[in-house]
Amino acid sequence: MIDVKLKTSPPPTVDENDRQTKAKSLHILNFSKPHGLTFHVAWFSFMIAFTGWYAIAPLKPYIKSDLKLTSEIATSDIFSVSATVVFRVTAGLLCDVIGPRRVMATLLLAGAIPTALASLIHNADGLYASRFFIGVLGATFVPCQFYTTQMYEKNVVGSANAFAGGWGNLGGGLTYILMPLVFNAINSSVNNTNTSWRIAMIIPAGLCIIAGLMNIFLADDSPAGDWLQKKKSLENDKIKEVHDASEKQKNDAYVETSEQIESTKKGKFTELSRAFFNPYVLIMMMQYACTFGVELAIDNVIGGFFITQFGLENTSGNFIGAVFGLMNLFSRATGGVVSDYANQKLGMRGRLLSQFFVLLLEGIFLIIFRFSVDSLTSAIVVLIFFSFFTQAGCGTSYGIAPYIDPSIYGTIAGLIGTGGTLGGLIFNSLFAHFSSSIREGFLVTGVVVVVMSFTTFLLKVSGERIIPIKRSK
């Protein structure tokens, strides 16, 4: 049974001091360690990472004027997600080795540096370089999801992943509100737009540093605590078992341990290959490209689209654009809850059906948006609908991901996350191609998503498909 509650008390199925058991329920307002506090640190860290990752997007009109850019400003959107492709794969591998806490903290602290240094750029090359290195912050999604997967049981992990990822993605909308407000506050004092946007970049950098430190001092890698100490404890238990065993058992254990050491020597590359060449992982990567990837691309263009399409002033256009990101308050989480509920009713087939219908509706509303932008009211209404399904698709995707190959979930989560980033790269390039007519970019994107929704019928997860295939004897 799905158990998601708005309570401050610890989950009844897990003692708040239990260091061995995953939680079987998600109490949204629970801040006790290890489960509740880590959950909140996870989504908050990812949300703050967005404020640095997308800080430049709402300021593009001022940056474009200051640096005297034309098409380069759209090209920089591609650089903003390109580095994240590499860092997400790396983050997944590292989470399996050293745990999510160290990975999340490192990414946030490292990403704060280029975010602050962006205030020093003076040409297009500098903009490209800064947005590329700021892209390291996009990899924080992987430890965010790794945290929640370690903390929650399978009956609620889809919801936990969706809430954490969705509330983290709120950062996209928050940034469209935060950065114009910070810019306006600074500009009211210095009365120089060129100086104001540069000073404004310091704020998200500082927020990333604070979030990084929160991970170090407040979060836990798993219910058992520190990841490396947990691994060391397991190794010591194994040594004790061998010490207390008979000679034959010792020899068997030695052979087993030798095999484990030899396997370790092959490195994480073996796991990466195993995951990458799993056809179902590849399908999930493509589908996540059509959810989170689409979200990343739209985050870069939506504010500017409303400003240009309807002749709005910068702050108003960005505030409307913020609606897209702010829908994550509930949309992605709804996708996870729906996935968990469908799983209760129909098993894994229910999760797959949820994925198919959410992707299909996302594509349909993206296509409708192309034909609704003659009126500001209709454009906002359709924006709300395609925002919901785009983000809900992220939730349903990570309701499926933990079951593809549970033993290497960290690596798989990293690859699927990378698929989302690759999608961001592809769809950012698509919108850059249609920079003179962004509405056509929405049409093409919608068609691609509709087509990709049908690949759900090819997925086989935990031995189940949407349509069971009976083999003749």
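Note: Cβ is positioned from N, Cα and C throughout, glycine not excepted.
Copied over from TrEMBL, here are the features:
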- 37-56: transmembrane segment (TRANSMEM)
- 38-464: domain 'Major facilitator superfamily (MFS) profile' (DOMAIN)
- 76-95: transmembrane segment (TRANSMEM)
- 102-122: transmembrane segment (TRANSMEM)
- 128-148: transmembrane segment (TRANSMEM)
- 160-179: transmembrane segment (TRANSMEM)
- 199-218: transmembrane segment (TRANSMEM)
- 275-298: transmembrane segment (TRANSMEM)
- 318-340: transmembrane segment (TRANSMEM)
- 352-373: transmembrane segment (TRANSMEM)
- 379-401: transmembrane segment (TRANSMEM)
- 408-430: transmembrane segment (TRANSMEM)
- 442-463: transmembrane segment (TRANSMEM)
For the transmembrane segment (37-56): best-contacting stretch of 76-95, 199-218, 352-373, by Cβ pairs under 8 Å: 199-218
The transmembrane segment (352-373) versus listed stretches 128-148, 275-298, 442-463: most Cβ pairs under 8 Å: 442-463
The transmembrane segment (199-218) versus listed stretches 102-122, 160-179, 275-298, 318-340, 442-463: most Cβ pairs under 8 Å: 102-122
Contact call for the transmembrane segment (160-179) and the transmembrane segment (318-340): at least 3 Cβ pairs under 8 Å, seq gap 6+: yes
Region pair the transmembrane segment (442-463) / the transmembrane segment (275-298), three or more CB pairs under 8 Å: yes
